[in-house]
Structure formats: C-alpha cells, structure tokens
Amino acid sequence: MSKIHAAITAVNGYVPDYVLTNAELETMVDTSDEWITSRTGIKERRILKGEGLGTSDMAVHAVNGLLKKRGIDAKEIELIIFCTTTPDFTFPATANVLADKIGAINAWGYDLQAACSGFLFGLVTGASFVESGRHKKVLVVGGDKMSSIINYEDRTTCIIFGDGCGCALLEPNEEGLGVQDSILRTDGAGRNFLGMKGGGSVQPATHESIDAKLHYAHQEGPTVFKFAVTNMADVAAEIMERNNLTPNDVAWLVPHQANKRIIDATANRMGVTLDKVMINIERYGNTTNGTIPLCLWEWESRLKKGDNIVLAAFGGGFTWGSIYLKWAYDSN
Ligand code: UT7
C-alpha cells in the first residue's frame, strides 16, 4: 500500500476591517512612518474592534469561507487544531469555542501554543493524524488577536503586531502530494526575550501585575532579531538541502511575517529570489499564528499542483521550523 500523505486541500483567511496605519501610530507613540517602514517593512495592520470579540470570531469567518470553498459541511470535520497565542480564554480551548460556533459537532480539538511558529507545529501535528489513517479531515487554524496583549504605549512592540486568522484543511493524498518533510525546534531559554510574563500560573493577574504591565507581550527586539535571522534561514536551507531542492526547484517560500529584513535574509540564504517569496507584511504586520495561512490564502490562485513550497517561521519562547510540501491542487 502506498504511503498516505497529508495535503492541504483548501485555505482561507480573514482580517478585520479596521486599518491601523503608521500615520495613526505616529499620533500614539514616538515613532515615524519612515522608521517603521525601513526597520520592519510594515505600513499598516488590522485590528479587531468590538466588545466581546476574540480570536475565535475571526476564525469563524475564515473557516466558514473555507468550508464553502471546499463544498463540505462543518459536521465532516474530525479534528480542529487551533494554533494561537491569544486564545479566547485560558480554558476552554478556542478549538472548542470555534467548533461550537461553526457547528462542527463531530470534531474534537485542542489549542496549540508555539507562538509565531504555531501554524507550522499545527500543520505537522495535523498531518500526522492524516498520515496515520486516523482522520481524513483535519482543520488547522492559525490566528491571533495580538491587539489584546499589546501595550499601545510601547513603541517597540505596538508597531509590529496586528490581528488576523487563516486556516487550512488537511486531507489524505495518495499521489504523493502534500507534506513531504519538516524540521521543528524549540529552545525554552528564549522565554526571557519574547513572551508574556503575566496571566499564567507563575504570575496570575493581580493589581500589582497589571500595574507592572506584565500582561502585555514583552520583546527584546534586537536579540530576537538575531536569533530569528539565523535560525529561520538555517532550517529553511537545511530542509532544501536534505530534500535535494535547488533554488530553481522551489516555487514559493512562505515565511513568517515578523520583519521584512528577516524575510529577505531567509530568501537570500536559500538562494530564492524575492519574486518567489510571499510577502504581505506591509499590509498586515505580524499576526503571529496568522501570517503563514494568510499568505497561502492570498496567493492561492497562483499556486499550481505539484509546486514545491517551503514554509519557515521563528517565534517567541523560542520556537522555529520549516516545512517542505508539494501543493496538491490548482485552484482555477
Ligand atoms: O514574530 C516573532 C519573532 N519576532 C521577531 O522576529 C522580531 C525581531 N525583532 C525585530 O524585528 C526588530 O528588532 C524590531 C523591529 C523590533 C526593532 O528594530 P531594530 O532595528 O532592532 O531596532 P532597535 O530595537 O535596535 O532600536 C534602534 C533604535 C533605538 O534608539 P537608540 O537607542 O538607537 O537611540 C530605539 O529606541 O530605534 C529606537 N526605536 C524606535 N524609533 C522609532 C525602537 N522602536 C522605535 C519605533 N520608532 N517604533
């Protein structure tokens, strides 16, 4: 019997309407459009406004669109892996909330936390359930309402992050298409440089923790930048090498959108020209778990069956990784 591969068979995305521009940020903190653009490549990002709305509400839009596109009912979904750093609640899992909101009554699910590498970790985990034969329809969602943990008085973080959500459906493929290889890594020593100190079991919310602003994302930018450039480029190059892929063989690089300079360095290290790199950081900023599926969604119509695609990410805590997949369908 031939090996079952897990292939992406549909993608979709959603970004909220509100556009937070560099010009508006200039009125909030001491920054400039020139600084933000030259240091990060970001021009604007989306913000989810509205009382009582969380990450799952963006996912509802993304997933309902995906189901419609693929022509399947929510009841057919067997597993939901919700990759997020900003879950609706500490518990229950956002996957549960989403399943309820979309009517995925036959699915089980859980949240996966790997910061900006979450979607890659989720894709590999979801693929394993398909490859093993256990499930035939696995939904991997990546999304964050980063605005819920950003201090809009801190110019070093508030200019980078935005809100958004993307998703992909994994199904079995017997033509050898889909996920081919992956490299996933973690290094918990990185928790000191990018993370959130408050709100967990170590430091539950107290008046003091709120006053100390511990419930906001904390990042030591230059240190994270150094690790991100090296590690994201290394795993992307390593996955090419061990699969004998030359730059010509790679149709697309789909990098996590944290900083345009990190994307450039990764592409450069792989020898891939920028016309083959999915980049939308200028419009959405860093949506954490959302960046990679949002790229796949926006580029979907240009992807061809059999295209070799390399995904690469680096995130808080630290986490990083790369996936090599063969795209499984023509969308037109
Ligand atoms: O997605 C998860 C992984 N995260 C990342 O990969 C992010 C990695 N880090 C970065 O992308 C960059 O480090 C940042 C974009 C966060 C910062 O860029 P940088 O080039 O590393 O700047 P820096 O922090 O070294 O700051 C340079 C200068 C400093 O001023 P002095 O000390 O040289 O006078 C900062 O105070 O720029 C200043 N600065 C700003 N100026 C205007 C910092 N933030 C701002 C700002 N506007 N928003």
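Counting begins at 1 with the first residue displayed.
Keep in mind that glycine also has a Cβ here, set from the backbone N, Cα and C atoms.
Heads up, TrEMBL stuff is auto-annotated, nobody curated it.
Cβ neighbour count for Cys116 (active site) (all protein chains, 10 Å cutoff from its Cβ): 32. Per TrEMBL, active site is recorded for Cys116 (among others).
The active site annotation in TrEMBL covers His256 (among others). In sequence order, Cys116, Ser117, Met232, Asn286, Thr291, Ile292, Ala312, Ala313, Phe314, Gly315 are the residues near His256 (active site), counting only same-chain partners six or more apart with C-beta under 8 A.
Annotation note: Asn286 (active site) sits in a strand segment as assigned by DSSP. Within 10 Å of the C-beta of Asn286 (active site) there are 24 other C-beta atoms, taking all protein chains into account. What TrEMBL lists as active site is Asn286 (among others).
Annotation comment: TrEMBL describes 110-188 as domain 'Beta-ketoacyl-[acyl-carrier-protein] synthase III N-terminal'. The average per-residue pLDDT of the prediction over the domain 'Beta-ketoacyl-[acyl-carrier-protein] synthase III N-terminal' (110-188) is 98, rounded to a whole number.
Residues or ranges marked as domain 'Beta-ketoacyl-[acyl-carrier-protein] synthase III C-terminal' in TrEMBL: 240-327.
Residues or ranges marked as region 'ACP-binding' by TrEMBL: 257-261.
In the three-state DSSP classification, Cys116 (active site) falls within a helix. Helix, strand and coil counts from DSSP across the domain 'Beta-ketoacyl-[acyl-carrier-protein] synthase III N-terminal' (110-188) read 25 helix, 32 strand, 22 coil.
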